[in-house]
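**Q** Handing you a structure now.
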Amino acid sequence: MDDIYKAAVEQLTEEQKNEFKAAFDIFVLGAEDGCISTKELGKVMRMLGQNPTPEELQEMIDEVDEDGSGTVDFDEFLVMMVRCMKDDSKGKTEEELSDLFRMFDKNADGYIDLEELKIMLQATGETITEDDIEELMKDGDKNNDGRIDYDEFLEFMKGVE
């Protein structure tokens, strides 16, 4: 595994690490070894705004799965996310983020409320607890008004890019 990616992990903010950990934890629930299967990995990365192709995903897994377990622990996952962030260059464009915001904002009122967030996260097909959803809402809702406006959404997405 490239040391450059390991070094880049050290540059992640605590907030970025916490957001990655929250997404990782959603998928690791019930796993006895604290790792997620490579199958689940694509879902986690998509949830965090990354969209690797199956080939890119396999290539990343081959690089970070140092112990050959076929699963990815959190440290390996962080290295993967950093690599994906670097490969993604500047991340999502403003237009892509605007489209994503509109997908979440089902009633088109300019805000993402808890119910809209829950609907979108449950659409991933994974079992997500109310606590997980509320934690994500809390992370995104900087002014604590119970909903995420577009500026808060952009700020939140910067953290996951």
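Glycine is no exception: its Cβ is also placed from the backbone N, Cα and C atoms.
Since the structure is predicted, the reported quantities are computational estimates derived from the model, not experimental observations.
So Swiss-Prot has the following annotated:
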type	residues	note
BINDING	D65, D67, S69, T71, E76	Ca(2+) 1 binding site
BINDING	D105, N107, D109, Y111, E116	Ca(2+) 2 binding site
BINDING	D141, N143, D145, R147, E152	Ca(2+) 3 binding site
DOMAIN	16-51	domain 'EF-hand 1'
DOMAIN	52-87	domain 'EF-hand 2'
DOMAIN	92-127	domain 'EF-hand 3'
DOMAIN	128-161	domain 'EF-hand 4'
MOD_RES	M1	N-acetylmethionine
**Q** Same chain only, sequence gap of 6 or more: which residues have a CB within under 8 Å of the CB of Y111 (Ca(2+) 2 binding site)?
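**A** In sequence order, the residues whose Cβ lies under 8 Å from that of Y111 (Ca(2+) 2 binding site) (at least 6 apart) are D105, R147, I148, D149.
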**Q** Apart from D141, N143, D145, R147, E152, which residues in this chain have a Cβ no more than 8 Å from the mean position of the Cβ atoms of those residues at the Ca(2+) 3 site?
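**A** For the Ca(2+) 3 site the neighbour list reads Y111, G140, K142, N144, G146, I148, D149.
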**Q** By a simple count, how many Cβ atoms lie within 10 Å of the Cβ of E76 (Ca(2+) 1 binding site), its own Cβ left out?
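**A** Cβ-Cβ neighbours of E76 (Ca(2+) 1 binding site) within 10 Å number 22.
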**Q** Take the C-alpha atoms of S69 (Ca(2+) 1 binding site) and D145 (Ca(2+) 3 binding site) and report the distance between them in angstrom, rounded.
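**A** Here the two Cα atoms lie 44 Å apart.
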**Q** Determine which residues of the same chain, besides D105, N107, D109, Y111, E116, have their CB within 8 A of the center of the CB atoms at the recorded Ca(2+) 2 site, and list them by sequence.
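**A** Those within range, site residues removed, are F104, K106, A108, G110, I112, D113, R147.
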**Q** Taking Cα atoms as reference points, which of the binding-site residues D67, T71, E76, E116 is nearest to D145 (Ca(2+) 3 binding site)?
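**A** Minimum Cα distance from D145 (Ca(2+) 3 binding site) across D67, T71, E76, E116 lands on E116.
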**Q** Long-range neighbours only, meaning 6 or more apart in sequence with Cβ under 8 Å: which ones does E152 (Ca(2+) 3 binding site) have?
**A** G140, D141, K142, N143
**Q** Given the Ca(2+) 1 site residues D65, D67, S69, T71, E76, which other residues of that chain have a Cβ within 8 Å of the mean position of their Cβ atoms, reported in sequence order?
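**A** Result: C35, V64, E66, G68, G70, V72, D73.
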**Q** By a simple count of other Cβ atoms within 10 Å, which of D105, D145, the binding-site residues in the record, is least packed?
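**A** Among the binding-site residues D105, D145, the sparsest Cβ neighbourhood within 10 Å belongs to D145.
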**Q** Using C-alpha atoms, which one of the binding-site residues N107, D109, E116 comes nearest to D67 (Ca(2+) 1 binding site)?
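**A** Nearest by Cα distance to D67 (Ca(2+) 1 binding site): E116.
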**Q** Taking every residue in the domain 'EF-hand 3' (92-127), what is their average pLDDT?
**A** 82
**Q** In DSSP terms, helix, strand or coil for T71 (Ca(2+) 1 binding site)?
**A** strand
**Q** If we check Cα distances from T71 (Ca(2+) 1 binding site), which of the binding-site residues N107, D109, E116 wins as closest?
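**A** Nearest candidate: E116.
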